[in-house]
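J.: Shown below is the structure under consideration.
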Amino acid sequence: STPAGLSPHRDVLPIGLTKSPCFFFFLTLQYTDKEEVVLWMNTVGPYHNRQETYKYFSLPFCAGSKKTISHYHETLGEALQGVELEFSGLDIKFKDEVLQTTYCEIDLDKAKRDAFVYAIKNHYWYQMYIDDLPIWGIVGEADENGEDHYLWTYKKLEIGFNGNRIVDVNLTSEGKVRLVPNTRIAMSYSVKWKKSDVKFEDRFDKYLDPSFFQHRIHWFSIFNSFMMVIFLVGLVSMILMRTLRKDYARYSKEEEMDDMDRDLGDEYGWKQVHGDVFRPSSHPLIFSSLIGSGCQIFSVSLIVIIVAMVEDLYTERGSMLSTAIFVYAATSPVNGYFGGSLYAKQGGRRWIKQMFIGAFLIPAMVCGTAFFINFIAIYYHASRAIPFGTMVAVCCICFFVILPLNLVGTILGRNLSGQPNFPCRVNAVPRPIPEKKWFMEPAVIVCLGGILPFGSIFIEMYFIFTSFWAYKIYYVYGFMMLVLVILCIVTVCVTIVCTYFLLNAEDYRWQWTSFLSAASTAVYVYMYSFYYYFFKTKMYGLFQTSFYFGYMAVFSTALGIMCGAVGYMGTSAFVRKIYTNVKID
């Protein structure tokens, strides 16, 4: 049966599915009459497994006789995303109509029939491109009993033009032929040209789905998260201002007491750990590398979202991934600056080792996951198998762009803000940590810390997941920017409250606690990805499952590191502020 969303007639229009975008240096042409228009065949694969794709001609399709086109050269983003454009061999000229014409014949032996039957049973669809506009079709369909299988043999193309530009492409699949071994199947096509009022800059609008992305639930979730922010900020302000005012008053009063009164007084609270609160964190090398990486991920997220809001990245294949790679490499000094300066402040001596760990922490995680999934892709002969040349290009970016820029950032960070300038001296001997209630233990705070930040983004996670794992083009980057801002505010508020109560319990181990309590958002996101996989998709098979859970782990970890860094930076400013304002003996 035909998979949902793909009709055998007009099977391209109902769904907005396309590869995520990238810098694509192929200029969209302005055509003259009778000029050649290229139909590129991209990939074919199971409808329910969006990332499991194969070369179009891996199925026993045949190509047209025209062989004059030059080879297509893909970009880095397209290579990483498995784009495999091959020339169709069909003769198409601008404004030149073609009546139904046979372009090749398939000699259907048993092996070829079995390949087509397998594809039809698994709801295989294929993707083509004309002038960078994607077109989709289904390979075939089975009868109601599932005994006979039919192949669509007639590609009926209708191309809309506005002036000398192509602005619309539609495909209708016809010519249903039963698959019988040892027969010959004729493949045909036709091309009809029509004038269109669609402007060239608006030609991708039909692939978007405003009813999905701008649904009132989406607006309500943003409003709901915004109200949570107002509530949290108000709560934090009220609790901390009232409590701190009382604390400051109490501590000021203690300044006026003599030693005997002070000894008999109320000696507890966050002031008591002033000699330990700025003590270096445990494992400062790893900690500073995580903070630097988190600051870089935040910078990349912010810049890419702004670029996506200004430029319609979804109109070009692989442009989102290429933009992210370029911005990540360019923002490497951010990683070095924040990681290097923090490591220097904490008295770290092995700064070169810290720089290497900071520079390669995220690339190693991503490349390690990609390397594992690549083995499975090679075994499956999938188009997602990353070519050796692309691997070399990525390694060159890491060693010759990211590492030197990280070194520059580290040197700047160590020299400009690497000197300890804490408002309180650090005691030579660490203060013993008193016993406290179970819910004030750092482990409990870490587990609970990610609930509210996750609550502020989980609706947006559904839209983002659906655009990547299903067939929607994400284009509402204004929503994403709002959600990023809301996430940061909620994260900072939560970590400040957690840290305040931790310090009030006279536990000065706030650095890792603030980082991990914010980073635990990632655990909830990854748990949500399990729910999404089992209840919102129909994915199956080793390759797609490995791809899904592998890259969801990478996404969740990167999100966690970013949230952890944001939480730590906000909390660090808060801790510095409260200890600056109080008189210390």
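Cβ from N, Cα, C; glycine included.
All annotation found in TrEMBL is predicted automatically rather than curated by experts.
If you look up TrEMBL, you'll see 217-240, 285-309, 321-344, 356-380, 386-408, 443-465, 477-503, 515-535, 547-569 marked as transmembrane segment.
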J.: With CB pairs under 8 Å as the measure, which of the listed stretches 321-344, 356-380, 443-465, 515-535 comes out on top against the transmembrane segment (477-503)?
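T.: Per the Cβ under 8 Å count, 443-465.
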J.: Taking the transmembrane segment (285-309) as the first stretch and the transmembrane segment (356-380) as the second, find out whether 3 or more Cβ pairs fall under 8 Å, excluding pairs closer than 6 in sequence.
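T.: Yes, since the transmembrane segment (285-309) and the transmembrane segment (356-380) share at least 3 Cβ pairs closer than 8 Å, they count as touching.
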J.: So if I exclude everything within five residues of the ends of the transmembrane segment (217-240), which remaining residues of that chain have a CB under 8 angstroms from its CBs? That is, six or more out.
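T.: Tertiary neighbours of the transmembrane segment (217-240) are 452, 455-457, 459-460, 463, 476, 479, 482-483, 486, 489-490, 493-494, 496-497, 500.
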J.: Same chain, outside the transmembrane segment (356-380) by at least 6, Cβ under 8 Å from its Cβ: which residues?
T.: 52, 54, 285-286, 288-290, 292-293, 296-297, 328, 332, 335-336, 339-340, 386, 394, 398, 402-403, 406-407, 410, 542-543, 546-547, 550-551, 553-554, 557-558, 561
